[in-house]
Amino acid sequence: CTVIFTRLATRDLHKPISILFCNLAVSDLFTSFSGFWIALLFISNPDITIFGSRDMLAPYALYTTSILSTIYNLVSIGIERYLAVAESMRTRFRVARNHSIAVVFVSWVLAFFLGCLPLMGWHCLHAERSTSVLYSPFCVNYLIFIAIPNVAAAFVVPLFTYLRIIIILRKRKLRMQACGQATGTYKSAESQVARTSISIWLLALVSYAPFFAGVIFDATNRRCHTDLYPGVYIFRNCTAMLITLTCLGNPLLYTLKLRTLGAKLKALRCLSAARGRACTI
């Protein structure tokens, strides 16, 4: 909420990357709300989160939608950063504000469509043989259809784009060294991008790899719910906690300038105070 508020209030949304950052914060907010909804259902009736119920379709669908939107945002941010760095090298394509708005719209439409497929009938309320053990009443084939391509995209695309950014910055540094120019700025930029890229990729790996492992376990396991209780469900809850922690890690990594964020909040506070004094005068 702080990220959304500061970016809206300080008019940063004229930058294409700021639109993607703000949308990522909205996706993380939806993930937190849907996870809280599932937690309330577990507190009120723990059995429906284990054996499945029609009441779990809506919160699980919202949870899936928000996670998919977050993944698409991470991929979009990586691609936008790559195009921004490679722009001055050889490409004539410039990412504009309209492009970012279109990407946000398409990512949410795709996330809602894929996430709400169980609400449209792709569930296992009446087909217990193919139901998921961890996420009843979702079907195992639906989880495989959702998890494999999207988790692969979350790992492969950011890894490729950020590696390309590091390579481009290193080539520029070597070219400037050959010309006898100072390279301190590029060296600093290269190390900062490398640290941020590794952090982003590791956060995605730690967050989504356990969920992917749970889907694989679902697909290969045919035992009853009661036989797997409670160990497997503790693992499921841990994967949900890791995904929720990603919602806290994303603002730190992508805003990453906590001093800048604090300065913006201080500027907003001073601006509102100045307006108050002007109105009094």
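Placement of Cβ uses the backbone N, Cα and C atoms for every residue, glycine included.
Taken from TrEMBL as is:
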type	residues	note
DOMAIN	1-254	domain 'G-protein coupled receptors family 1 profile'
TRANSMEM	17-40	transmembrane segment
TRANSMEM	60-79	transmembrane segment
TRANSMEM	100-122	transmembrane segment
TRANSMEM	142-167	transmembrane segment
TRANSMEM	198-217	transmembrane segment
TRANSMEM	233-256	transmembrane segment
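Across 17-40, 100-122, 198-217, stretch 198-217 shows the highest tally of CB pairs under 8 A with the transmembrane segment (233-256). As a quick check, the transmembrane segment (17-40) and the transmembrane segment (100-122) clear the bar of 3 or more Cβ pairs under 8 A, pairs 6 or more apart, so the two touch. Of the candidate ranges 100-122, 142-167, 198-217, 100-122 contributes the most Cβ pairs within a distance under 8 Å of the transmembrane segment (60-79).
Nonlocal intrachain contacts for the transmembrane segment (142-167), taken as residues 6+ away from its ends with a CB within less than 8 angstroms of a stretch CB, comprise 64, 68, 71, 74-75, 78-79, 81-82, 85-86, 114, 117-118, 122-123, 132, 135, 190, 193-194, 197, 200-201, 204-205, 208-209, 211-212, 215, 218-219.
Here the transmembrane segment (100-122) has long-range neighbours at 16-17, 19-20, 23, 57-58, 60-66, 68-69, 72-73, 76, 80, 137-139, 142, 146, meaning same-chain residues at least 6 beyond its ends whose C-beta is under 8 angstroms from one of its own.
Within the model, the domain 'G-protein coupled receptors family 1 profile' (1-254) shows a mean pLDDT value of 78, rounded to a whole number.
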